[in-house]
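First the structure, in the form of structure tokens, and then the observations on it.
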Amino acid sequence: MNHKFLVLATGMAGLLLLPIQSFPLSWTVPGVVAQTVTSQLSPEQLQKLQKLAQSITVKVLSGDSGGSGILIKKEGQVYTVLTNQHVLAPGKSARIQTPDGSFHKATSVAGVNFQGKDLALLQFRASADYAVASLTNLATVAVNEPIFAAGFPFDADLSQPSGFIFATGQVLLVPERAFKEGYQIGYSNNIEKGMSGGPILNRQGQVIGINGIHADPLWGDPYVYEDGSRPTDALRDLMSRYSWGIPIQTFAQLAPQYASVEALAAGTPTATEENLPPIANDVNNIAQQITVQIDVPNTSHCKGSGVIIVKQGNTYTVLTAEHVIRETEECDRKKLEIITPDNQRYLVDVNENTVKNLPGVDLAVLKFTSKLSYQVATLARHDLEKKGGLVFVSGLPGSTVANGKNNRLFTIGTLFNKEWGSISVKDSLSLTYGYELVYTNITEAGVSGGPVLDIRGHVIGIHGRADGEAVVDEAGSGRSMHLGYSLGVPINTFLSLVTKVGIEPTQLRIYTAEPPSLTESETQSIKLSLLKRVQKPNNSNDAINWLNYGNQLWRLEQYEEALAAFDRAIQIKPDFYQAWYSRGLVLLSLEKYSEALEAFERAIQESQEKFALAWRGKGEALINLQRYPEALASIEKAVALNPKDFLVRVYQGILLQAQERYQEAIVAYDQAIKINPHPWAYNNRSSVRAKLGDKEGALADVNKALEIDLDYAESYLQRSYIRSEWEDREGALADVNKALEIAPNYADAYYSRGLLQYYRGDRAEAIADLGKAIRLNPNNAYFYYSWGGRYSNEGDNQEAIFYYNKAIQLNPNYAEAYYDRGLAYSKLRDRQSALADFQKAVALYRQQGNTFFSRQALARITELQRTPSAVEPANVTLYEGPALNTTFQSPGKISIEIVEIDSSSRRVQVRIAFSQGLYREGVFEGLINQNNVLELFGILGTLQAAGFPNTDVRLEFLPNKTIKGTYSIYAGAHDFRGRTQNGEFTASQVPTMSKETSLASSENAEVSFNRGYAHHSQGDYTEAITDYTEAIRLKSDYVEAYLRRGIALAQQGESQKAIEDLNKALHLNSDLLQAYYIRGLIRASLKDYPKAVEDYNQVLLRVQEIAGIGVQTEINAQTKILTIVAVTDNLPAYKAGIKTGDQVLEIDDKSTANLSLEEVVNLLRGKKGTQVTLRISRPGKGEFKVTLTREPIVNPQLAEVYYNRGLARLELKDKQGAREDLQKAADLYQQQNNIEMYQTALEKLKEIQ
């Protein structure tokens, strides 16, 4: 959850390259009371249970193999034993040793089909009387409840009964789906080799499962579900740390004649409100065992927490925060008491041997002795603090619950990466005394010294601080408000100093591998499981309680509930400026910037304009509203109130830089760097220096940023910009690749690499990278805007408009997108749409205080509104084609259009567009001299380019009807690295074209098309092509004829001709999904996989826009009436009772008679939330009208698109993308109940695992 502003205009976006977050969410679960199940048995009960287990467990010997088994049935003198199939050596006989030490020859039980499960039945005959197990199902246990496992390890003496092992542990995980061999019970009991086949028992001594897989298996991959799919990386990592057994109920369902009724019934572990998702549950269990409380005896307020890190004999070492054991006036800490997880208390006399402080950091260690066994924590020596991720905090605030035990706090949140954390704290004082970790977990007094853990339950830090504000309530009591984040000291800091307190690294448990990443669904499941534990304030009239409650909800992204809580606080205390400020933060998160602005202004008012954070929040709201001058004024007020706030100094620099006040921006960044020498500030100062042409200074700054953090991906990207600007494109490409190596999902880096590839002429690679950027960040309006500019450069204005539309949809205040879309509309002669866009651009530019660009847009409006006079409008495209930049010997493109010709004065007005790396356009004026040479002068400009250089163009009209053209772009200090750009081109004059299509021709074209469609349906492609060609001759813009002819040509194997027809269809209608898809299939067949992927991308991009009512229609062959032929479940038509066979007479009062199916589809589709009214005729009911609200349509047929894009990505070695697409295809095929293709997609997935 990024609470900083993110929606910024072009030119500012690069400056806001905040540190990349590698975590999917930011949220916190506060106040979770973490109590593990305490259903412990007495020593006598344990002894009795062990004796029972021993009486039903046997050894199984087979060849060189062996294991354990369970006596499950007796009939006369015949005993049946259940074991694992893998215990038995293939082709070898088996022997069984019973609890009395006797050996018996065993035979396999025939006639039972275990369907590949790792189960086997043996029988032996004996006259002795042996106990038989009581079998039951999983409903008799609960997750975290004690269970017991038994068996005979290999290294035990097989001739001695003493080899029997009885291991205690807990049920930890029972996934909904079993693994291929039937394993489904994950538990903590230590299972050794040879215990396979032995029993798993509940507290009542009933057998619930059979051992089979021990933790951390050395070979094979047992963690594959029965349907062939696999768990996520994080879940598999967790599963590998557990032992695994097969539920007895699985055995009972396959061999009911050998099981009891209780075992036959399917069951799952009993669920309780305390159950957490598997990963969180695992961390909580570990945290419960390693977290201790540190107390001053006979006090109620001198409490803290710690974590057990070393055991040597009977001596344990606890790591905590130094301030927890520090002597103060309030807390006499000459004696301390450590309270362990079993509620035992150990007194510690504080002296130099028992308590030691680490130098310069808020860490200390203390020792206690005990004969009891306690778990020791594993410390994580990895770089999670650099990358960020999900973390947990465990500690003991000091309160107790009804049973007298400690009320341990277990909270979840997000650890910010190091760079983001350093700019998210309240001020620079927060990160002193060794504090570097910043996380969103809610903590309380008493939790200081407790462990911060990763998703494996390994300790990554020690908690010790929390940002916030202290206030005095109406009763005069000191209270704290949670307005900031929590902070901790990294465990890596402890490890670097550990020898100074007499601990050797060899005494510690250290793990160096980073934990796997969680998926979105895994983080969401953890969030939802803990959300219900957030309690509303008990005191309904305590404003501070409501504020803190709202803050918890905000961090959980429960925005509406958080707003209600802040509103309640404000209702109780209307002048509560902190509540108004918090309300503004939530509204920022909801992107309700105008309302957020009001809230921040009220916070400013109620604080007598002294609350710096409210001024900063107001600035953020104004930036998102693109009111930059006002934003700067607010940020500068925040600077005046708190000049040590690093963040507002950076914001100040960004806003000054956006206004081209470069020297002042450098001063602001200088101040930011003094407060916090952060790479972000160096990067932004580097960008200013590059604007001023100071290449050496720009490189020095970015290199300094990399000196501070060599893995700071944003710095490599910034350096790539500098190198590209100074024509070192290979160096730029190397830097972008390094950024992607550090941050593989860095959307901005893919976008930048795409541009570099594009300018190098590698169009396929450019498209792939730009597509990847959009997939990673589909809500980045600038990506769409920029891609629209790419199509404008290529002269494909229709396609450009599609991407500008997407940009405007994502950012309705995107002035640049309106301006450039207006240019595209004007080139397509859509005067009204162009005018509307330029007028919108003018309004937005004025709102932003951008007078230069508003004047540019006004000039466009003037051109469009000019009325004819003696000046004759020409609108002749003179030339559109390649041009060579002779300065840098690089290819480009130029478009020249004559706008007006004054025949009396020989004055000519020309619109010229250059694509020389960046798209630029301008209107030029000049005179044709007596030598037929046209000398033109004008100013080039566009919002994608820096600066507005003067430009000369010379056109020489030669006798052979060609034009020899030259141009010079006179760059200013900030344009084209200060170098004048020269270029040349040669063109043939393009004649004007006119076309007329009569009504009769259109009607004949329809007849030819229908005849072709009939031939096509019958597989007669040659005749179909002939008819489609005639239809096109009669109606040159017949979109569907081009589409159908293209398909028929493809079916005849004429791929290139098919592509040409599909290109024409798409030129006429750029939203034709089928054309993109068919063209993609053809390109894939030609092994042009990059272009195939681009086509599939176009389908998926556009289908997101489709909303409809969920029907399929056709024109009935007999009645010629539009008829419903299919209704999709749970979509608007289905909900309204529309039925197959209904005839549609009108759509929005427009008769369907004589409409084509394409026209029908266009009428039925529309924007999400809009309405469409149908007049329906139904036999037996007559005519009636129904109004439906359009909803987004998720089309399962898109499975084919995802599947084929996955195959193309696989050919391009994009395994991650292929895996994502094939999994999506498999899901959609499953929705269609298309089992064959579902299995095919799964098989493809297995190939790339």
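Placement of Cβ uses the backbone N, Cα and C atoms for every residue, glycine included.
Whatever TrEMBL says is automated annotation, not expert-curated.
Features as listed in TrEMBL:
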- 543-576: repeat 'TPR' (REPEAT)
- 577-610: repeat 'TPR' (REPEAT)
- 612-645: repeat 'TPR' (REPEAT)
- 646-679: repeat 'TPR' (REPEAT)
- 747-780: repeat 'TPR' (REPEAT)
- 781-814: repeat 'TPR' (REPEAT)
- 815-848: repeat 'TPR' (REPEAT)
- 1005-1038: repeat 'TPR' (REPEAT)
- 1039-1072: repeat 'TPR' (REPEAT)
- 1098-1165: domain 'PDZ' (DOMAIN)
- 1199-1232: repeat 'TPR' (REPEAT)
- 1212-1248: coiled coil (COILED)
(message) Which residues of the chain, 6 or more past the ends of the repeat 'TPR' (1039-1072), have a CB below 8 A from one of its CBs?
(response) 798-799, 801-802, 1005, 1009, 1012-1013, 1016, 1021-1022, 1024-1025, 1028-1029, 1031-1032, 1078-1079, 1081-1083, 1085-1086, 1102, 1156, 1158
(request) Report the listed stretch (577-610, 646-679, 747-780, 815-848, 1005-1038) having the maximum count of Cβ pairs within less than 8 Å of the repeat 'TPR' (1199-1232). (result) 747-780
(message) With a cut-off of 8 Å between Cβ atoms, can you find at least three pairs linking the repeat 'TPR' (815-848) to the repeat 'TPR' (577-610)? Only pairs 6 or more residues apart in sequence count.
(response) no
(message) Need one number: mean pLDDT over the coiled coil (1212-1248).
(response) 84
(request) Could you tell me what the rest of the chain brings near the repeat 'TPR' (747-780), counting residues at least six beyond its ends with Cβ under 8 Å? (result) 14, 17, 713, 716-717, 720-721, 724, 729, 732-733, 736-737, 739-740, 786-787, 790, 810, 890-891, 917, 1088, 1090-1091, 1093-1094, 1097, 1101, 1212, 1214, 1217
(request) Could you give me the DSSP helix, strand and coil counts for the repeat 'TPR' (781-814)? (result) 27 helix, 0 strand, 7 coil
